[in-house]
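Quick look at what Swiss-Prot lists:
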ACT_SITE  Cys151  active site, nucleophile
BINDING   Arg12, Ile13, Asp34, Lys79, Asn315  NAD(+) binding site
BINDING   Ser150, Cys151, Thr152, Thr181, Thr210, Gly211, Arg233  D-glyceraldehyde 3-phosphate binding site
SITE      His178  site 'Activates thiol group during catalysis'
Amino acid sequence: MVVKVGINGFGRIGRIVFRNAIEHNDVDIVAVNDPFIEPHYAAYMLKYDSTHGQFKGDIKVDGNNLTVNGKTIRFHMEKDPANIPWSETGAYYVVESTGVFTTTEKAKAHLKGGAKKVVISAPSPDAPMFVMGVNHETYKPDIEALSNASCTTNCLAPLAKVIHDKYTIIEGLMTTIHSYTATQKVVDGPSAKDWRGGRTAAQNIIPSSTGAAKAVGKVIPELNGKLTGMAMRVPTANVSVVDLTVRIEKGASYDEIKQAVKEASEGSLNGILGYTEDDIVSTDLNGDNRSSIFDAKAGISLNKNFVKLVSWYDNEWGYSRRVLDLLVYIAKIDGNA
């Protein structure tokens, strides 16, 4: 059974989720809501994308709705999530991608319009957090609003899980070298809460904070308090990379660690965790579906208990694919797929 899905917020992630859904046989996007984008502009933004290229399909506007590859997509422009009539199109599963309604209470407003479950495409201060391949099997059907965590947590957690399960992580530090995002500035501008974050994105490497490493402790409880990290925002449009430095309890050579990651990428984490020995750079992974692509050649070890691991991720495309995978999984558990 195909899962009918609605998207609230047709910004960066909302549109990339939509594009991913075209390739996802188990998902049917039936409705979109965005109070700040009218249908003609939505069609334009969906069709043309500076990072992922032109949409490979047919997009038209029919009244207040979109027609994509011959299929009608209801388009709403409600500011209040409680007023979006999701039930009219059978959109019982909603992707909350505005970045605004990230608490459980705010996300559950969608239920008033007929939605049954809401997946928040961002970290949430109080909603249960799930990362595919790591803790998704702990989902219970009574959960109405849940978070797909962040793109960085989705990259870091599968790798950390493999290393911890095999060698036991004592402690670690993470740095994500992260492409700029919409929250940054085209030119220097005011940013009272983060002075460095107000500097122009395309000219600077900008140190920043991230909760991604600490969030791993929420999806892998054994690592709670053992990981923390920071971000370096860099002048690239897409694709980011995690640098994870850990002390491990059970000593292992770097070759042994590579083999463990390779086996996981071909087994239980296939499609989520990748492995490469190619001499890749960031643009080579633009549009990659996986959450995390381990770069075997980029890592180093000081000794058998202290190692630096490097893993890439398309922070837009790969993350959006996991949003859909999580939706399909919870629908299956709920008995609706």
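Glycine too: its Cβ is placed from the backbone N, Cα and C atoms.
Within the group of binding-site residues (Arg12, Lys79), the Cβ with the highest number of other Cβ atoms inside 10 Å belongs to Arg12. A C-beta separation below 8 Å, combined with a sequence spacing of at least six in one chain, links Thr210 (D-glyceraldehyde 3-phosphate binding site) to Ser150, Thr152, Thr176, His178, Gly229, Met230, Ala231. The Cβ of Ile13 (NAD(+) binding site) has Ser97, Ser121, Glu316, Tyr319, Ser320, Val323 as same-chain neighbours under 8 Å, each 6 or more residues away in sequence. Each of the binding-site residues Ser150, Thr152, Thr181, Asn315 was scored by other CB atoms within 10 A of its CB, and the lowest score goes to Thr181.
Residue pair Gly211 (D-glyceraldehyde 3-phosphate binding site) / Cys151 (active site, nucleophile) shows a Cα separation of 11 Å. Across the structure, Arg12 (NAD(+) binding site) and Cys151 (active site, nucleophile) are spaced 13 Å apart at their Cα atoms. Nearest to Asp34 (NAD(+) binding site) in space, judged by Cα atoms and limited to the recorded positions Cys151, Thr181, Arg233, is Thr181.
Each of the recorded positions Asp34, Cys151, Gly211, Arg233 was ranked by the number of other C-beta atoms within 10 Å, and first place falls to Cys151.
Around the Cβ of His178 (site 'Activates thiol group during catalysis'), the number of neighbouring Cβ atoms within 10 Å comes to 23.
When the Cα atoms are compared, Asn315 (NAD(+) binding site) and Cys151 (active site, nucleophile) turn out to be 5 Å apart. According to DSSP, Thr181 (D-glyceraldehyde 3-phosphate binding site) is assigned to coil rather than to any helix or strand.
The separation of the residue listed as 'active site, nucleophile' from Thr181 (D-glyceraldehyde 3-phosphate binding site), Cα to Cα, is 12 Å. Lys79 (NAD(+) binding site) sits 26 Å from the residue listed as 'active site, nucleophile', taking the CA atoms of both as reference points. According to its DSSP assignment, Arg233 (D-glyceraldehyde 3-phosphate binding site) is in a strand. Distance from the CA of the residue listed as 'active site, nucleophile' to the CA of Arg233 (D-glyceraldehyde 3-phosphate binding site) is 14 Å.
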